[in-house]
Amino acid sequence: MEELVGLREGSSGNPVTLRELWGPCPQIRRGIRGGLQWLKQKLFRVGEDWYFLMTLGVLMALISYAMSFAVDRVAGAHNWLYREIGDSHLLRYLSWIMYPMALLSFSSGFSQSITPFSGGSGVPELKVILSGVVLEDYLDIKNFGAKVVGLTCTLASGSTVFLGKVGPFVHLSVMMAAYLGRVRAKAIGESENKSKRNEMLVAGAAVGVATVFAAPFSGVLFSIEVMSSHFSVWDYWRGFFATTCGAFMFRLLAVFSSEQETITSLFKTSFRVDVPFDLPEIFFFVVLGAICGIVSCAYLFCQRVFLGFVKNNPIISKMMATSKPLCSALAALILASITYPPGLGRFMASRLSMNELLNSLLDNNSWALMTRNSSPPWPAEPDPQNLWFEWCHPQFTVLGTLSFFLVMKFWMLILATTIPIPAGYFLPIFIFGAAIGRLIGEVLSVAFPEGIVAGGATNPIMPGGYALAGAAAFSGAVTHSISTALLAFEMTGQIVHALPVLMAVLAANAIAQSCQPSFYDGTIIVKKLPYLPWIRGRHINSHGVIVGHFMNCTITTLAKDTPLEEVVKVVTSTDMPEFPLVESTESQILVGVVRRPHLVQALQAEPPSWAPGRQWCLQDVLAGGCPVEPVTLKLSPETSLHQAHHLLELLNLQSLFVTSQGRAVGSVSWVELEKAISNITNPPTPK
């Protein structure tokens, strides 16, 4: 039966249903319906940023959780094989070393066979991309699967290889962000915008950290500090929205799978809340930060030197280029043999996974005081409720095992960073810093068994608090970031040590940043990637340096009155991507820029109307339709080094022309800036 319709009084004639005409509160219902329609149009309009940012966060959370699930199952199978294979030391040794050897060789062979960009962390290359350099195919989505499979195999080898997840997952998240950016551009029918692309890439870097540690705040801050030299406030809400979606979904999956009862922090601690530390302990936290800063300088120097040795040694570099799976297997053999539990691994808690290592180090009880009279027995397998038993040895004190762990992991981690596999290096240095803090905390608990007297009251020292501060301080010093303090709070759900942890991080950064480049900047230096170095503020002489002191004065210009023969000669004899165009050979007034492809195309398409015998010049080619781009930004010879550096860095430019009273007198690129900064940092010796 057709619905009855009628006309509303005073209407223009548009019919309405009788139900709407006679229903209760027709105006209110129309207003609500109109409001819902407006909300639907605003929220679900194709191409809106929030839609793709939420998709990015949810997708990366699902991938992160699936990867962790697969790693736990593979590592569990390894532990079961080692436990059930029998009492034969030979069989147990073989089961211990063959697993990581097979996983690392497969990780290297599989990922490198698909794409050469899947090895390593990926963060140094991302820093270069976000600075404006184009690295071909590095963010191609086809690399995604290779890095996921390779990273899963790397993580499944456990603490034997002592590698993490953060760096490669940041690379994966940025690849996904670049792909979603292209999908967004196609959905709304516009060409891909460079600024929009960078917004998605910055959000992707933040999501990569957030979906590994369920830490949205520190994910955004870490991406600001580590990934980019300048950060737009416009990208702030995008980063927080995407990281919140990712972190929430990552922890929600743990609840759905019955791993957790509710959404909690990734690592649980039980620090004392009422009096977490006494006032005199602030001094020891600052000393801990200074120790972490000094150790980080030694680590960064040794790692950079060893990485350079591996790249420059002809034998090793040839093996790395032709036999990556073999190199990975040999490195895994060395590391697994050292960490074999009945051997040296007994003194390094080698049976614990990466997460279990960090959980054990954050224990708030003093192991040294608990084992003063007797050492607990070594269990047949790790006890989840007493992970600290793995750090005890009847003939070796807890201080000895922690010291041995630090000495061995120092060079083992440096060796592991050279293996050509997808791997992250943040969690290992975080655990290493926690071990430094744990050692200092245990020493203090032995020196002050009753606690430090403050205000007439004594409270026992919590070595777990020092482990938390050491983890944040050492990782912050290695990466030159302060946000590791906030990351430590979000990972553990504890903020009672906020002030001492932050002071330790600041002390460590003050030492590390004044002595060594960060881990990622050092890798950029060794790999010789194009990257603009910082101008350290301590070099006061840099403020007197101007562009005229270091600019490239030998530039090739094309004048409008240049004969075509000379134009062809210049184009064929140089590989410049663009040519500065001047008004005339005599005046040298800069009027624009001609791109090389456009000029070559115009020269090849010679119009038939050109009469032979006449002297044709570049002006005739330009008049025939060759586009000329205006030069909107130029430098002066009197521009300071700092101003030129800021312009190139902020606008992601590779070079700028230098003009004096309109005349083109030179150019400044990253090469000239690097030389100028290098001369300031390391002045040449006078002849």
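We number each residue from 1, going along the chain as drawn.
Placement of Cβ uses the backbone N, Cα and C atoms for every residue, glycine included.
Your range for transmembrane segment, going by TrEMBL and the list 161-180, 401-420, is 161-180. Range with TrEMBL annotation transmembrane segment, chosen from 90-110, 237-257, is 90-110.
In this chain, the transmembrane segment (90-110) lies close to the transmembrane segment (323-340): three or more C-beta pairs between them fall below 8 angstroms, excluding pairs fewer than 6 positions apart. Only sequence-distant pairs (6 or more apart) were considered; of these, at least three Cβ pairs between the transmembrane segment (466-488) and the transmembrane segment (201-224) are under 8 A, so the stretches are in contact.
Sequence-distant contacts of the transmembrane segment (323-340) (same chain, at least 6 residues past either end, Cβ-Cβ under 8 Å): 93, 96-97, 99-109, 112, 119, 157, 159-162, 348, 350, 408, 412, 415-416, 418-421. When Cβ-Cβ distances below 8 Å are used as the criterion, the transmembrane segment (161-180) is approached by residues 52, 55-56, 59-60, 63-64, 67, 100, 104, 120-123, 125-126, 139-141, 143-144, 147-148, 150-151, 154-155, 197, 200-201, 203-205, 207-209, 211-213, 223, 227, 332, 335-336, 354, 409, 412-413, 416, 419, 421-428, 430-431 of the same chain, each at least six residues removed from its ends.
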